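Some features that Swiss-Prot has for this protein:
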- 1-27: signal peptide (SIGNAL)
- 29-117: region 'Nonhelical region (NC2)' (REGION)
- 101-110: compositional bias 'Basic and acidic residues' (COMPBIAS)
- 101-435: region 'Disordered' (REGION)
- 118-571: region 'Triple-helical region' (REGION)
- 128-137: compositional bias 'Pro residues' (COMPBIAS)
- 168-190: compositional bias 'Low complexity' (COMPBIAS)
- 203-217: compositional bias 'Gly residues' (COMPBIAS)
- 288-298: compositional bias 'Pro residues' (COMPBIAS)
- 328-337: compositional bias 'Gly residues' (COMPBIAS)
- 389-403: compositional bias 'Pro residues' (COMPBIAS)
- 411-420: compositional bias 'Gly residues' (COMPBIAS)
- 478-506: compositional bias 'Low complexity' (COMPBIAS)
- 478-584: region 'Disordered' (REGION)
- 540-556: compositional bias 'Low complexity' (COMPBIAS)
- 558-579: compositional bias 'Pro residues' (COMPBIAS)
- 572-744: region 'Nonhelical region (NC1)' (REGION)
- 611-744: domain 'C1q' (DOMAIN)
Amino acid sequence: MAVPPGPPQLLQVLLTISLGSIRLIQAGAYYGIKPLPPQIPPQMPPQIPQYQPLGQQVPHMPLAKDGLTMGKEMPHAQYGKEYPHLPQYMKEVQPVPRMGKEAVPKKGKEIPLASLRGEQGPRGEPGPRGPPGPPGLPGQGIPGIKGKPGPQGYPGVGKPGMPGMPGKPGAMGMPGAKGEIGPKGEIGPMGIPGPQGPPGPHGLPGIGKPGGPGLPGQPGAKGDRGPKGPPGPPGLQGPKGEKGFGMPGLPGLKGPPGMHGPPGPVGLPGVGKPGVTGFPGPQGPLGKPGPPGEPGPQGPIGVPGVQGPPGLPGVGKPGQDGIPGQPGFPGGKGEQGLPGLPGPPGLPGVGKPGFPGPKGDRGIGGVPGALGPRGEKGPVGAPGMGGPPGEPGLPGIPGPMGPPGAIGFPGPKGEGGIVGPQGPPGPKGEPGLQGFPGKPGFLGEVGPPGIRGLPGPIGPKGEAGHKGLPGLPGVPGLLGPKGEPGIPGDQGLQGPPGIPGITGPSGPIGPPGIPGPKGEPGLPGPPGFPGVGKPGVAGLHGPPGKPGALGPQGQPGLPGPPGPPGPPGPPAVMPPTPAPQGEYLPDMGLGIDGVKTPHAYAAKKGKNGGPAYEMPAFTAELTAPFPPVGAPIKFDRLLYNGRQNYNPQTGIFTCEVPGVYYFAYHVHCKGGNVWVALFKNNEPVMYTYDEYKKGFLDQASGSAVLLLRPGDRVFLQMPSEQAAGLYAGQYVHSSFSGYLLYPM
């Protein structure tokens, strides 16, 4: 049976009940009941006619404390005789037609005007925006999955930083502990006699009668040399002497070393070429990390990072709308956000060098390095602690006679004493009375030359003398003015590569360098740490791998036991023995005079008993720096010495095979200028001079071709103490070489 449709009132009631029981769900979130703000009832103009439905008015049925809730925009339905205004999802409820017919009022029933519902008015303008509400509680989002580490970037390539400023000199350290008392010193040498004292005052004149003249006495013993007399008047110019013939005297013995002079003033800073770069030293141990440096200046703001994907929707119940509060205080600093993408490289920072860091711990002692070259002479050190008193020295030279004392009382006659040593001559007394003429004395020694007298008158021009022998080399003169630049010489041959220098001390740590440009993306990083997981199922055995690389050679094994003796071999056939290495054939071709070279110089025997024709040649090195002056330099380390013609004990080459020889020497200069000469039979044939520059090691060379006869001697020698800075060391060699070019 069909159910007839109910009246419109029943439909509205059912619709109201169904809507009141619905809970609004948006995006999976549940919204509870909220109190609605009071709404202004819609204004209904009375002139608009409305239909009056039949039946009784349906009173308002509240379903909650404050009315029906359909959302935030739901108006509140008041009690009254009118129908509630029910919005349906932002749409107004359309009047329900009655089967396509309009409602007709019944007879006898009046419809009050207040119950008539007018048409919906136009939508009003939006109201002003309310004040912002208080900040909500921070959401608690689920942290995202940790991303995989990115690939390792390429190592940046930056320019090396500028060298740091030299650090300030450190403060003077605490005085060291008192050293142990040194060994007792030896008795010192006899001191230098003191200066002669001033003459004493004249004695009081004696009181006595003059005696008669005595008999002439015997001639006295030879007196001591009298004091130096005053210079006499210039004598007349004597006749011109004959030409003298004298041999140069032997060089005197080297005197005792003088006292250390005060340190000289600091010289100007030298300007020289930098030395050859030494090999890098061994890598030191890893130092402890230094203290964190000061933060650098803030760089420019980087490019904002790419916006991340929206997070998962939060789960929570919406609270009730509160009354808009007053603007709150500024919120605290939020948590640090995720790091953005790296920005472009900033401008190079210009910062001051930081303060020197604290002194680090003392590192592990390194391997002792090779012996360095001899350093320059240091300043005179502070006087040391006084040693224990030494033994009494030898009696010194008697000093000069002191001034006479006052006349004392006559004492008792003493016993005869031991005859003392002869005293020094007393001061010159006043002239006495004229004595009798004595006998002529013995001829005295020649006195010292007097002070140079006044120049005498210019004498007549003498005859031209014979040409004298060349004199000894004089003391080098002062440095002359700088000469004009000479003509550039031909380019010399390239010398042999030098020996690598000793590794210098490490310089101070410089300030941090300017950051280099951004490097290219690096290669994939090393594999991460092994994860912690359950062991998987054992896989199948794979194919055998390729054979590995050949390992390092093992240590040689112990020698095995000797084997049994072998069978005797066949008889040997001795081939003719060639000349040993370093020997030359006797027939050396024509000499300078066109005659075949003689064979009389093959007196030595070779290794196999035959004659050995060894070339006269040698090269010797100097092992100790600063050899003595005025004597042949002893190059005592031999590299080669054919026929043993060079003597390393004396430093002299003695010719045995006459001929034309070539000699060369290479010396180093350090600590002072150097002046060397090549001598042939005590006559210098070539000089070489080099000026020393402080802080640099210089070199000088020389060579000569000499014609030698048997017995001629050739050697090197330094003629002056003022230029004796010849240096040699473990890795700095001074050498002397010579060899026969062609025999005579």
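Here, residue 1 is simply the first one shown, and the rest follow in order.
Cβ from N, Cα, C; glycine included.
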The domain 'C1q' (611-744), counted residue by residue under DSSP: helix, strand, coil: 6 helix, 79 strand, 49 coil
Three-state composition of the compositional bias 'Pro residues' (128-137), taking helix and strand from DSSP: 0 helix, 0 strand, 10 coil
Secondary structure tally of the compositional bias 'Low complexity' (168-190) (DSSP, helix then strand then coil): 0 helix, 0 strand, 23 coil
For the region 'Triple-helical region' (118-571), mean pLDDT (0 to 100): 67
